[in-house]
Amino acid sequence: MKSFTFLILFLFAAQSISVYAGSFHKDVKIHWGDGRGKIHDNQGKLLSLSLDKSSGSGFQSNQEFLYGKAEVQMKLVPGNSAGTVTTFYLKSPGTTWDEIDFEFLGNISGHPYTLHTNVYTKGSGDKEQQFHLWFDPTANFHTYCITWNPQRIIFTVDGIPIREFMNAESRGVPFPTKQPMRLYASLWEAEHWATRGGLEKTDWSKAPFTAYYRNYNVEGCVWVNGKSVCPANSQWFTQKLDSNGQTRMKGVQSKYMVYNYCSDKKRFPRGVPPECS
């Protein structure tokens, strides 16, 4: 496969298959959960995922994308959510998959969620950054966005950049450029690791646990017949952080980041990965 397999089509027709303006009815499939995932309105704007002791639930986009901007508003499980993981992510199939993650790790009542971000290329991740958010993500809906283009991946929360992962393939750092991905969301149990490394277990007396998603929106290069078809006016395709964006991101990281693989010298005693320097 060529390194760039996308087509830029300067046609309005391309936009009709490359931009999704958010209907859970039209654009996603609840692909597991046996009824625990539900769409709540005729317009397809609000969806819930639930978890009980028998099963969690999840949905996936109907289309695959090679590059795109995906965002959704989420309201997380309130109260004692220890052992639960609520997600919004991009992923390709297979054993050498690519993946871009937002994962929200639950906690006991009165303690903050951990927002876990990661990037996988060809099945290899280990690029974790984690944050404690500056608001209660269970009280109201907040907007989470992944922008993925050939130069970088940008994670934003309520429009504020919290992480930028650059394409450093020229330095030998893998970057997802070749495999189309679907968008996924899920609510599932991971009590063996999710909360304080597995020390806090899921309190099933609080089940069912429910998270809400609304205003799903994807602007992406849709994978069609082996090519990625992009609209002509995709500003996200060349998006980067300006000086103000960099300043805002560094401010969030200095105040709210609780783990950065680039700073973990015990994990990398021979030196941190090259993208960290």
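Cβ coordinates come from backbone N, Cα and C, glycine included.
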Exercise. Name the residue, out of E103, E275, that Swiss-Prot lists for the same xyloglucan site as H116, T117, N118, D126, K127, E128, H192, W193, G197, R267, please.
Key: E103
Exercise. For the disulfide-bonded residues C221, C230, work out the Cβ neighbour count at 10 Å and name the residue with the minimum.
Key: C230
Quiz item: Out of the recorded positions listed (D101, C262, C276), which are within 10 Å of T117 (xyloglucan binding site), Cα to Cα?
Solution: D101
Quiz item: How far apart, in Å, are the two Cα atoms that lie farthest from each other among E103, H116, T117, N118, D126, K127, E128, H192, W193, G197, R267, the residues recorded as binding xyloglucan?
Solution: 21
Quiz item: Using Cα coordinates, what distance in whole Å links E128 (xyloglucan binding site) and C262 (disulfide bond)?
Solution: 9
Exercise. Please determine which of the recorded positions listed here (E99, D101, D126, E128) has the lowest count of neighbouring CB atoms within 10 Å.
Key: D126
